[in-house]
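K.L.:
There's a structure below that I have some questions on.
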Amino acid sequence: MAEEPTTTTLVTPEKLPSPSLTPSEVSESTQDALPTETETLEKVTETNPPETADTTTKPEEETAAEHHPPTVTETETASTEKQEVKDEASQKEVAEEKKSMIPQNLGSFKEESSKLSDLSNSEKKSLDELKHLVREALDNHQFTNTPEEVKIWGIPLLEDDRSDVVLLKFLRAREFKVKDSFAMLKNTIKWRKEFKIDELVEEDLVDDLDKVVFMHGHDREGHPVCYNVYGEFQNKELYNKTFSDEEKRKHFLRTRIQFLERSIRKLDFSSGGVSTIFQVNDMKNSPGLGKKELRSATKQAVELLQDNYPEFVFKQAFINVPWWYLVFYTVIGPFMTPRSKSKLVFAGPSRSAETLFKYISPEQVPVQYGGLSVDPCDCNPDFSLEDSASEITVKPGTKQTVEIIIYEKCELVWEIRVTGWEVSYKAEFVPEEKDAYTVVIQKPRKMRPSDEPVLTHSFKVNELGKVLLTVDNPTSKKKKLVYRFNVKPL
């Protein structure tokens, strides 16, 4: 039995094209997407001359249309291919059982404010005490043997609008214990001098790790997002080039520290600014615990980060988590503080994209992780990171239709994807004129996981009507539909 349709309507603010343009034929790109001669649906008929002339003589209506963005309606109905549900149900149940073994969020964590006005009286007192110790140390040259200004991440320890935020990181890392925080600060400054961090930042290091670690976009709260892709080390040539001997492991550590230092210097250390990073760790095809060189290098890097880079991680998301990682977490979990645990999020392969979307908007998530954002080196002339996307959950055995009502002549460009696909997708234009034919933009197509992750279409609209994007999910698993569109003037 078909379910009752459920509809949500929202108005999407878009850049509006001018309505005063003359009608034109459908573009060549659109013609390619239209039905062939063997299909029964045909191109929409042209508007007759009297109606066109009548439209151009009503400037009042044109003015109204100029300020009327497209209206979007999302409608859910029963799947027309529901018979496939039973065929896949048993396999999905097994997958769900495995997925349930992976822990999700291990506790709630709310990032502390970096505004001085939000500090408690005891926290303000601790900050003042730490600043006093720093002042004494500077006067007595405890940090350096020369009277030069001491900076960390390019910021002076005192007498700068950003200094308090830096000192607060050390205080929070040591639970506002002033002496412990000061000791940590001294050790960090000493290590930075020995490691020659300021010189390292300016070096031109050569590495092949641009696909292993990279920054891409921001989360919903404005934190820059760093992706760590461990599966790249399945490449034996890259692995040996990075970890085969002690010298190469040292070089790997230097490149990682340089990357982190450069990323930190782009953060906002002003009061109330964003001074932490969202870390995404992709565990897909990770070499695992058997690679002792990787394990040793990772352990060394983690220790350095904990000792010298306090409170720079907002959240640690582990995605595509394999079963063996549960063993690893069981070992290290008891040694982690509740505060550290509360920053961790885990997701298996089937829930990785959905988990990322909780924290990062789809337009900011790279295509390879279920989002719409292409590599910064690639060119996407139609969309940017600033073009927001909408998300819909397509329930098992249902069909979701996105209805975009057009009020003026324009070219509509859209991107659409369903994580993992395994659905049917079609697109069509339905004119407002009753006697006009529906135009098939994309005939029904069964999408497989091996198909292109993101579909991009465009359609020139020469009369009032609506574009319908329909996704039919016949499986027993809910899907995440993501789409966005832009309106271009003709």
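Note: Cβ is positioned from N, Cα and C throughout, glycine not excepted.
The model shown is predicted, which means the values in this text are computed figures rather than measured ones.
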K.L.:
Could you let me know which of Ser108, Ser120, Ser476 shows up in Swiss-Prot as phosphoserine?
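P.N.:
Annotation hit in Swiss-Prot: Ser108.
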K.L.:
Output, ordered by sequence, the same-chain residues six or more apart from Lys193 (ubiquitin cross-link) with a CB under 8 Å from its CB, or 'none'.
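P.N.:
Those within reach of Lys193 (ubiquitin cross-link), by Cβ under 8 Å and sequence separation of 6 or more, are Thr144.
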K.L.:
Per DSSP, how many helix, strand and coil residues does the compositional bias 'Basic and acidic residues' (109-121) have?
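P.N.:
Counting residues per DSSP class in the compositional bias 'Basic and acidic residues' (109-121), I get 4 helix, 0 strand, 9 coil.
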